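Here is the structure we will look at, set down as structure tokens.
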Amino acid sequence: MDKRHDPSRRIIAPHGTQLSCKSWLTEAPMRMLMNNLHPDVAERPEDLVVYGGIGRAARDWDCYDKIIEVLQRLEDDETLLVQSGKPVGVFRTHADAPRVLIANSNLVPHWANWEHFNELDKLGLAMYGQMTAGSWIYIGTQGIVQGTYETFVSVAKQHFEGISKGKWILTGGLGGMGGAQTLAGTMAGFSVLACEVDETRIDFRLRTRYVDKKATSLDEALAMIEAANQAGKPVSVGLLANAADVFAELVKRGVTPDVVTDQTSAHDPLNGYLPQGWTMAEAAAMRKTDEAGVVKAAKASMAVQVQAMLNLQTAGAATLDYGNNIRQMAFEMGVENAFDFPGFVPAYIRPLFCEGIGPFRWVALSGDPEDIYKTDAKVKELIPDNPHLHNWLDMARERIAFQGLPARICWIGLKDRARLALAFNEMVKNGELSAPVVIGRDHLDSGSVASPNRETESMLDGSDAVSDWPLLNALLNTASGATWVSLHHGGGVGMGFSQHSGVVIVCDGTDAAAKRVGRVLWNDPATGVMRHADAGYEIAKNCAKEQGLDLPMQD
């Protein structure tokens, strides 16, 4: 019997103000863990899989049940320790300490590879936490929409003089992360053709309004794109097909998209990427009998796809890696120039990171969408001179369907995160919001990740692989009083290629929460400015000076 599979489970987080735990500081992680497994949020909730191949919220259902049980009895001076999705200890700490500390998927570097991890996973000794799956702050595909939108806007500025009308993006993958591409692309004015091998994922994105149309042949999909571009109205199309097949076929036909990228689960060749010519059922069966054969076939198909991306780049397409490590996989299969197209962070996002700008997200624990709409208005009130941000919030309200508990994300920087969080806490205190909110972020942020093929690719000083920074980030957030803190390995790009940390804090309207919020949401983005200033980025150095950061070696 597989302790991780239970199709009878249907997890819905409680709404409203009635507590199941002893305080909001423990109610919040309980609700957010449950929300990660909401059927409208998780990719395979019956298997505890939230997104990203096998990114889980808990190691197995026994561990899930025990975590819930412990959170419901946890005191406000106790801390629960979670080791790769398993609750392993409760210790007396103090009221300002985190209520939960999480470590997921961490391996000693020599053994930090998929082969060793998969053996541990089979033995029930490990769990892949991805980024926000195992740290209980996944909010559905919205969580990456704005970052993807910002990237596509930057692509338009750099390559098309800011004009995206009549242009289209080719990509692959409509899972929890990849599903953001279609909506983000049309928000930025592009049409989008996204290849996906799992029809249920296309249907899910149609239902949640992330995809406009479904196609079952390349000709049909291209016709939809062409009609939309001629009409001047962008459209997103989910094409039921293997990305490697489609990318190579477009090269053969001489059809060149304006932009090419990919968000298949290439980071996990065993569980995340379907080899060319295979059905999903065949792949599932082969994983049980010939793991090495599956990995080899998947990576061979990735090599085909990356070679096609290189060919499309040569033909004039703006081509970028969107952080799934597909270039590395192709390189290992003999595509020697796989890294000739850039990753999205050094190409488009790093200047934002230098100012501590990143994915600030919050969730209404009440379950009431009105709480999110009120906080949207507060963001506009406190940041009045940012029309780009206001436009994002307006589009998000109009076009993004909430998944599970209502949530919002917006990219803001060092000077604004603590200010907004303190305002939200005050709104809870004075009754403007019907219940507390939690504030967190993706692990993809300015100071919380070391990932040489993604967030820290091509650092100015060559420090791409130095992972002291996310460790320091996690330690500082713990010392600052975050409600829960996590430290993971392998998110986004797979085993051996990243280390990263997460943070979540509760705004419950108390004065004590205000003090914690003020510390955490200043210090957390400040570590990103520190990290980039240390690497030599002038934007970060200037930001540090303007904000009065005490960086001894920058004097």
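For all residues, glycine too, the Cβ spot is worked out from N, Cα and C.
Positions annotated as NAD(+) binding site by Swiss-Prot: 52-53, Q130, 176-178, E196, R201, 242-243, 263-267, 273-274, Y322, G492. Using a 10 Å Cβ-Cβ cutoff, S265 (NAD(+) binding site) registers 28 neighbours.
Residues or ranges marked as active site in Swiss-Prot (evidence: sequence analysis): C410. Secondary structure at C410 (active site), taken from DSSP and collapsed to helix, strand or coil, is strand. C410 (active site) has a Cβ environment of 20 other Cβ atoms inside 10 Å.
Across the structure, E196 (NAD(+) binding site) and C410 (active site) are spaced 27 Å apart at their Cα atoms. Sequence-distant neighbours of A243 (NAD(+) binding site) (same chain, six or more apart, CB under 8 Å from its CB) are T171, G172, G173, C195, V197, D262, T264, Q305, listed in sequence order. Residues near G176 (NAD(+) binding site) in space but far in sequence (CB under 8 A, at least 6 apart, same chain), listed by position: E43, V50, Y51, G52, G55, Y138, G140, T141.
G52 (NAD(+) binding site) falls within neither a helix nor a strand when secondary structure is assigned with DSSP, and so counts as coil.
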